[in-house]
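Visitor: This is the structure, below, for whatever I ask next.
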Amino acid sequence: MADIAQAQEQITQGALDAIFNDPERLEMNYPVPVCQCVQIKTLASNQENAPERYRLVLSDVFNFVQCMLATQANHVVHDGKLKRGSIVRLKQFQANCVKGKRILIILDIEVIESLGEFDKIGEPVALTVREEGNVKPSNSTITGAGFYGKSSTNNTEPLKQESSAPPRKVPTSSSSHTNIYPIEGLSPYAHKWTIKARVTKKSDIRTWQKQSSEGKLFSVNLLDDSGEIKATGFNDQCDQLYEIFQEGSVYYVSSPCKVQLAKKQYSTLSNDYELLFDKDTAVEKAEDQESAPQIRYSFSTIADIQNVEKDSIIDVIGVLKDVSECTQIIGKTTQKSFDKRELSIVDDSCYMIRITIWGKTAITFDASPESVVALKGCKVGDYGGRSLSLLAAGSLCVDPDIAEAHKLKGWYDSQGRRENFATHTSLVAAGSEGGRRSDLKTISQIRDENLGMSESGDYFSLKATIIYIKQDNPSYPACRTEGCNKKVNDMGDGSWRCEKCDVSHPCPEYRYILSLNVTDHTGLLWLNCFDDVGRILMGMDANKLMELRENDPPASEKLFEMANCKTFTFKVRAKMDSYQDQQRIRYQIISATAINYVQEANKLFEMIKLYRIE
């Protein structure tokens with residue numbers, strides 16, 4: 001471990017002044033500045049699940065300056081490397097001056113761990129603002145209380161505009177774009193700036209019409225090495241820029257362009273700001289199309305989605321197992337029709353989940369099963385367990401050229417194709433209010449304990465094998481209105497009518513209503529299930545099954561045969577029911593999970609150990 005003298009010798013004294021005031025001297029004398037981190041502070045975010053942000057104070061012994069750590073560099077804090085008192089190398093950064101306050105955005109930082117940590121070295125003072133001449137030097141020194149650089153209002157008069165030093169290590173393909181800002185450095189105080197970014201998402205043109213106004217808009221998501229931001233164009237800007245932006249291409253975007261607080265309800269990005277195109281905003285396609293990063297993901301495994309809060313926004317990647325036909329539903333409030341398609345994907349956590357995609361994405365989706373799909377901006381739902389819905393601001397990519405996709409493809413080809421996949425149960429949603437348990441029972445225990453006789457019903461788990469599924473009336477024609485699911489009536493004129501919604505549809509949405517006989521080593525039991533579980537048992541949605549029954553009856557019978565002799569862990573609700581004036585217990589499947597043979601083998605191993613003779 002070095003002593004304080006060795007640490008001070010490593011620090012490039014005077015580098016901070018050169019960064020902001022003399023870039024030529026910086027390049028010549030301080031190619032890789034070394035400073036001391038004298039404070040780290042976690043910043044609060046107004047968005048749930050947003051990445052953590054850190055504010056630092058760096059000192060070069062002579063001066064100190066406030067800094068923002070780019071989220072791409074958060075790992076130095078998360079890994080426990082960057083601490084108060086650490087000595088650090090600044091490998092990539094952007095210098096900004098906002099309202100007279102020096103702010104350094106750190107894009108890449110290296111902690112010199114061999115030097116250790118020290119108390120504040122020297123007596124640094126706040127860096128002086130020199131450019132405008134109307135800002136007096138601040139003699140505030142670093143103290144132990146409060147945040148660094150908080151001088152009294154008498155010492156500093158804010159500047160009216162923002163200024164910046166030349167950026168560091170930002171490649172450009174045109175000599176006219178030399179002052180490239182990182183996206184993470186944009187704020188409402190920024191004045192003249194240019195960003196170089198890749199379009200990761202381009203929306204369709206959307207229109208609106210109100211009593212007082214009407215118009216149209218579109219948006220793009222822009223990504224560079226430091227972060228991602230949404231940009232929107234209205235009316236004239238929509239006409240001017242929509243055809244210019246192409247998804248996947250890299251562009252220079254230059255002010256004037258308004259930087260405003262992000263409307264989180266319309267965005268899946270973690271940035272606190274968004275851009276609003278102006279009539280004079282300059283957009284130019286970059287010659288160098290490789291320097292900006294591709295779309296950035298933060299994937300959750302399918303197994304972990306069970307622990308994610310409802311309505312959270314996540315990214316997910318998986319192998320495509322099943323694709324439904326594109327169908328239409330009618331919005332409950334707007335009565336507008338929406339195109340939708342449902343996908344089922346799996347990953348190496350051995351879980352499967354259903355994802356709904358909408359609109360143009362649903363109509364044009366043509367990926368074949370066993371493709372790898374990556375989805376950015378999915379909303380977590382809890383209807384029938386955990387499910388996902390791709391938001392309008394989200395994106396879907398088939399077989400992306402990223403490490404996670406190659407890893408998944410290799411896993412699926414080597415072993416995943418033969419796996420039995422679990423699904424997220426809805427038992428928690430169904431039984432959490434009453435704190436109900438779901439103990440594993442045998443069929444004989446279910447009968448002996450009279451489960452289902454209580455007033456509120458009973459919940460339990462059952463590991464059993466399907467031996468028969470009734471083939472008569474396996475589904476019913478349901479209303480296509482979102483959230484309805486009521487049975488519709490065939491009007492005989494090619495339309496199907498829902499009495500509840502008072503609307504007619506050209507065709508119904510078929511939903512499963514299955515009755516199946518299961519067995520374990522103690523007996524037999526009849527169970528019932530609805531659409532979510534039916535999809536798992538039959539391996540396809542009910543629309544496909546009904547089409548098969550009509551066009552190829554032997555194939556549909558074969559499908560039922562294939563569903564037999566499969567073993568699942570069923571989560572079941574037992575409750576007394578009245579049928580034709582007779583009381584009976586109805587056993588309703590809440591969820592079905594394929595057997596994980598590795599887990600089952602481990603359980604058996606632990607049970608065997610209990611009988612071991614010492």
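Just so it is clear, glycine is given a Cβ too, placed from its N, Cα and C backbone atoms.
Where the annotation comes from TrEMBL, it is an automatic prediction and has not been curated.
Just lifted these from TrEMBL, have a look:
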COMPBIAS  150-164  compositional bias 'Polar residues'
DOMAIN    11-113  domain 'Replication factor-A protein 1 N-terminal'
DOMAIN    193-275  domain 'OB'
DOMAIN    302-398  domain 'Replication protein A OB'
DOMAIN    459-604  domain 'Replication factor A C-terminal'
REGION    138-177  region 'Disordered'
Visitor: According to DSSP, how is the domain 'Replication protein A OB' (302-398) divided among helix, strand and coil residues?
Guide: 11 helix, 55 strand, 31 coil
Visitor: Could you break down the residues of the domain 'Replication factor A C-terminal' (459-604) into DSSP helix, strand and coil, giving a count for each?
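Guide: When I sort the residues of the domain 'Replication factor A C-terminal' (459-604) into the three classes, I find 37 helix, 69 strand, 40 coil.
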Visitor: Residue counts in helix (H, G, I), strand (E, B) and coil for the domain 'Replication factor-A protein 1 N-terminal' (11-113), per DSSP?
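Guide: Computed counts for the domain 'Replication factor-A protein 1 N-terminal' (11-113) are 22 helix, 48 strand, 33 coil.
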Visitor: Let's see if you can do this one: DSSP helix, strand and coil counts over the domain 'OB' (193-275), in that order.
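Guide: Tallying H, G and I as helix, E and B as strand, the rest coil: 10 helix, 43 strand, 30 coil.
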